Amino acid sequence: MPRGLELLIAQTILQGFDAQYGRFLEVTSGAQQRFEQADWHAVQQAMKSRIHLYDHHVGLVVEQLRCITDGKSTDADFLLRVKEHYTRLLPDYPRFEIAESFFNSVYCRLFDHRSLTPERLFIFSSQPERRFRTIPRPLAKDFFPDHGWEPLLMRILSDLPLRLPWQNKSRDIRYIIAHLTETLGEDALPRCHVQVANELFYRNKAAWLVGKLTTPDGTLPFLLPIHRTDEGELFVDTCLTTTAEASIVFGFARSYFMVYAPLPAALVEWLREILPGKTTAELYMAIGCQKHAKTESYREYLCYLAESDEKFIEAPGIRGMVMLVFTLPGFDRVFKIIKDKFAPQKEMSAAHVRACYQLVKEHDRVGRMADTQEFENFVLDKRQIDPALMALLRQEVPEKITDLGEHIVIRHLYIERRMVPLNIWLEQVEGQQLRDAIEEYGNAIRQLAAANIFPGDMLFKNFGVTRHGRVVFYDYDEICYMTEVNFRDIPPARYPEDELASEPWYSVSPGDVFPEEFRHWLCADPRIGPLFEEMHADLFRADYWRALQTRIKEGHVEDVYAYRRRQRFSVRYGAISSTANSS
């Protein structure tokens, strides 16, 4: 193979990444127009399209390499030299960290996820000392209350690129000042100032102004979700100023933001101050760089593993019928493998389960479905596997593992945020915490349904509780679109004996769901039943579900808020007209 071809291959890969990220920015830049035109279906389509861009461009590069090298690109030693040339191209490259992940993806596609070693891949960055380049233009702008907070906020809102009129800008400014005064105190407010990101963060039906509020006691988030009325007028729905609130807004159960970020590493570093609890992987995930987030997540896992003497164990909770789930006791993630054989009542294939997980990846998760990262040929050191888990792996997933002596290779798995299973949480809490959990569970079901998602299996064990007390769905093997379900009322019994029979007295077809039956397994606990009947009795009525289906089929897209209804300005301070119903 002629010398110089390695450099050509390296340049081809980098050019392929340039093309991918250019398209990524192109799709992202359309977010403002989609918001202004209230084209919510285009918002959903753009989200799916942007996710697919990465794999599409990896495939294009792989085909180019096979043509250029006449198939010899599968020679590992040759690609080692390609990596050396690629590394030399990165010091002057502005998105070097994601370009490294793109190289990894091309390599994995060529080698079918085999021979994944540090010398062949960018397992860790080639430039760890360089998180981001000198920024050619500021990411954010500072605003000081030299003449008071009212003119300061007027400048901020007036500087926004949105081309729609405001419903009542002065009113929104009064509400923001009222919130800041309540939060910080009237004396402290004049000594504070704000730094606001130049780009808006778009997601669902909102445009988020993201900023930092510098106070005498430190820096706080400053988040303003901007919505539009049905008449096309802008309004600020609330103001969020705590790290806990910001963490939920940027949470792992939400869709990725559309934010124009030609230098994503710089934006990640800027966000870190107001999201101190978020890892680098989570921040990249939040801004839509999900493939690089996977790289960062794997690095975080390796760093944890290197400093821990823990053993992998089966995850706490009721053992699943489809997935084998394990974890490290102190690690905040779980590892999920599709079993070789499912329980008899699970009439589905492994391909169906993978399709369900992909559906969740591409769909609006509305803060109620955990994001996952998919890995192939995942290597574990046997010495770090608890014997009980090792036995379980050999029993449940022998076709998914390869024994290499000191290591095993898991052919395919998902990594997901670890949560407390809701059924365990409900056993441990009482009083207001119990009430909050049941309210959260019902709200999760409602918000999923409004987003055209039916969980299928609604048992408490299939949901988890986050560190912020939010209830999130994480078992996807029976998930489907709401519009695919036939919600039915149970027909009246023909005879008294019918209700005692082991078989139903009515016909049941595939896709039939009888919401009345939910009551039997959601309200069996006497502590939970009355709370559920009080807050969520409508979930047991087929007409409730059919009404939601009608709204979905008519094209209605519900508002989903990343904060409590009571935090909305319309609830706290007064009505705002022409808004959709709160979730």
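The chain as shown is numbered from 1 upward.
Backbone N, Cα and C define each Cβ position, glycine as well.
What Swiss-Prot records for this protein:
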ACT_SITE  Asp371  active site
BINDING   Ala315, Pro316, Gly317, Ile318, Arg319, Gly320, Met321, Lys336  ATP binding site
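If you compare every pair of Cα atoms in Ala315, Pro316, Gly317, Ile318, Arg319, Gly320, Met321, Lys336, the residues listed for ATP, the longest distance is 14 angstrom. Counting only residues at least six positions away in the same chain, no Cβ atom sits under 8 Å from the Cβ of Arg319 (ATP binding site). Most buried of the binding-site residues Pro316, Gly317, Gly320, judged by other Cβ atoms within 10 Å, is Gly320. Remark: Ile318 (ATP binding site) has Pro421, Asn423, Lys461 as non-local neighbours, by Cβ distance under 8 Å and separation of at least 6 in sequence. For Lys336 (ATP binding site), applying a Cβ distance below 8 Å and a minimum sequence separation of six or more within one chain yields Met323, Leu324, Val325, Thr372, Leu413, Tyr414, Ile415, Glu416. Cβ neighbour count for Ala315 (ATP binding site): 20 (other Cβ atoms within 10 Å of its Cβ, all protein chains included). Non-local contacts of Met321 (ATP binding site) by the CB criterion (under 8 A, 6+ apart in sequence, same chain) comprise Lys339, Phe342, Ala343, Gln345, Lys346. Applying an 8 A CB threshold to same-chain residues 6+ apart, the list for Asp371 (active site) reads Phe252, Ala253, Met285, Gln290, Val360, Lys361, Arg365, Glu416, Arg417.
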